[in-house]
């Protein structure tokens, strides 16, 4: 037991001794006591009288500016000032004991060695269960960062290194405020701040007073406060033991008695003046909402305006304005987006154009107030006149007459100076440093700058050369923040915030930057000892030697690079010259060949060794003498040669573009000639061909012009005859006379006009590739004899003999387009008669009957006319071309006939040729190979209109539909003349109503009419026939559009055929008799699936033959249907393709278009490898088309 008790007793006896060794400090109190009278009870005063002395503990490890121990062992700081006031108010003595660390102070308080300790936070008191007095200094958490660094606070400093001091804030508190930051703890606030200043940490978390004090004292160039939060409830206070509530009560009473002026004085003394200015501005709800909508404000600043605004070498934004904006950001919550501009003028332009919302460092003047609102000034001072330090330098603006004054571009004083001192030459510069540099270099006489800028900038530009002469007797500098007038909310926020900053704080902010003026550069006297060092000369010599060695090495390197570059250039020049596909050569003044490329050697047919050094006269070219003359002309100073010329090289004539240029030395003397040429032989040939083509085009154009003139003559001539003769016929009809000759002449002229128009349309179809043939059964003898009969009378009128020689094989039926065949023969016979004045025109047809399937034939037309020159014969086969001559008849044609004939012959698989001899005559040869047809059974010859019984003619009831009164009347008169029964309508709608009321055998309708056209009328009739079960009526389109596609359009609409206007009586009668020759049930086309007219052409209109063909088609169709159904069950694509091909051939005979389309689709599907489902779908559609055709064939067959 004793071994435990004795050590404890010894420790207890040592406690007073240890306390006695703790050093005592002298209280250094800067605040004068006011001898406050406290309202205390008698017990309180008795306790104080008994106590008489209070012991305060502190740490020698400073906690600036709260508690600091200076070198004189004096205790000072915020807590020292307050403890001095408390000692005076309580009437007690204060003893201050210093411990090594703050932790030791807390332990001393717990042991009772001291009565109280200062600068304690609520966290510290809670951890140690201490009692706190009321706070005497607010504890506002503050964040500090490096100048130019603006870490985002929205993410809670995520990933940032956050430095704290263990004496100012506890680790748990820091983690609670910034849980996502990387917290690093330092022993003192100064160590934590240094870590941030020099990059070991990113942000410092401290109390506001300590942060501001340390920045102002040591780190103003490195750090700035970026955020100051709301003050905590407790703040900094005095701490006492839990059992000493009496002392806590007395301390609270004394602290409450301290006047507010003394609080403010203590805070201002220890650096809290600026922090007071960073408290949040009291804003209206509208202003708060504006900030929420516009958190970022664009502000323009001068790029280099120290000490107000400038950027250091690291790009950090510094200066009075930078600190002021940081203060405004803390007070308002706004973020300023900095836009730098090089001059005041650019600032004015930027804010006027709306690129920024506000600008900084602007002075008020009337012009700017038109578009800006100016805040309370934050920098006020005089403007200074700066000159060179010389005796003759101007001392005031009055001495500046005729001299140059420098001032910032766009400065507020520019207009005022120009007004008051017009004799001064004012030069605007971009920056203050530029002005001082120009002034120092004698490029101006004086400069005007603000006093604060001069104090900052002048030491940096050889202060001994420049001098501040005087302060200007002008407006003072009033730097403000200026806001656009269309931003009233922003102006209210900025101005209100600036007014809440005390003038002392503004002054302190400005003075901080006055103290940052650079120290004058040291004189050489401060370092004169180093100038006498013995090794100075050796160092200089060494440096010179090193420089010389470096220079020599550099020269060698440059020479090597130059040699490489020269070699590269030589290779490049060699590749450039030899790679050029055109000959190039160089000759010196003696005409010797110096250089030539591979193309030159190839063209001249020689090698380089043989030709280099050769003289110009040795050139193996006949034109060498001409080259020598040109060469000498250029050497004598003549112009360069650029010429086209003809040369003969190696026996070959060439057209070349020859060029020769002089080359000179550095003095401009001509050393020789560089020459070459381009082979333009092919180009010249192309130019010649182009010229010929142009001439041919011009000739063709003239021919077309002549053709148009001829057309005008050709059209007017028959029209004149038609109009004149009809006029005579009308006049004589009025007199009761029938003038048949006049009508015949008019009729003949109209036919000629129609033929002319047909030729023009044919040539147009030929040029567009749309001319087509319509082959049908025809008899060659009948076709040739019909043409012979037409021209026999014309030949007799000219006194010519027209002969016809037909071969025995010419009486067969063939498959040919009869209209086009007669067109060819008619044109040839017409030309022969036209250009023959006397003699004979012979038509001869020869046929070979060796092959039963084909019939080769030769059709010739020979005349004894004027003949054609050989060179003119090919012109006849060009459109609008005629052989030039004196024959009058040559001007009566269009130049189209033979072109059309040759084209038609080629389309029929034949050819047309001419053999002619001037003065002897011309032979036209047409060679064709036609398909021979089996002869038809004998049928009685068709009756002529004169022999046809009247009852038969009237058997058909015809409906005529045409909107043209003249055309409708003409057709009706023609039908009445042929004794047919008819009705008429002027549009499709009226015709449809008539058709519904009456029964018609034939409908002849115009295709294009108002209300309802012919196509729609046909569709309406066909639809009604299907619905009502009426037998189909024969419908024919009646149109002047003779294009082939018009006939197909009629068939597609459901018509049975197409009749072209105008139609002659015989042709109209023939078309109607073909309908009468059919049985009554066949007068209507049963459907649109096949063309019965095609069978009529193939059988010659024989009803019995038509019936036999229809029965054969029906049987074949049903057999094919059976095979289709078999193929549907199988998968033989080749068999399907063969079947579709066979059906396709039969369908083309009767023009069953729907069936043709399905066959072609099925063949294509098989050929391109379609799948089985696609082939079966196509087979099904083909089956449906054939079923429809079978029904149509059944309907078309007569009942047995």
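First residue shown is number 1, and so on along the chain.
Backbone N, Cα and C atoms are what each Cβ position is placed from, and that goes for glycine too.
Some features that TrEMBL has for this protein:
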- 569-623: domain 'PAS' (DOMAIN)
- 640-692: domain 'PAC' (DOMAIN)
- 710-932: domain 'Histidine kinase' (DOMAIN)
- 957-1076: domain 'Response regulatory' (DOMAIN)
- 1102-1197: domain 'HPt' (DOMAIN)
- 1006: 4-aspartylphosphate (MOD_RES)
- 1141: phosphohistidine (MOD_RES)
- 1-19: signal peptide (SIGNAL)
In three-state DSSP terms, the structure that residue 1006 (4-aspartylphosphate) belongs to: strand
Three-state composition of the domain 'PAS' (569-623), taking helix and strand from DSSP: 25 helix, 9 strand, 21 coil
The domain 'PAC' (640-692): DSSP-derived helix, strand, coil residue counts: 12 helix, 32 strand, 9 coil
Three-state composition of the domain 'HPt' (1102-1197), taking helix and strand from DSSP: 84 helix, 0 strand, 12 coil
DSSP-derived helix, strand and coil totals, residue by residue, for the domain 'Response regulatory' (957-1076): 60 helix, 25 strand, 35 coil
For the domain 'PAS' (569-623), the mean pLDDT of the predicted model: 81
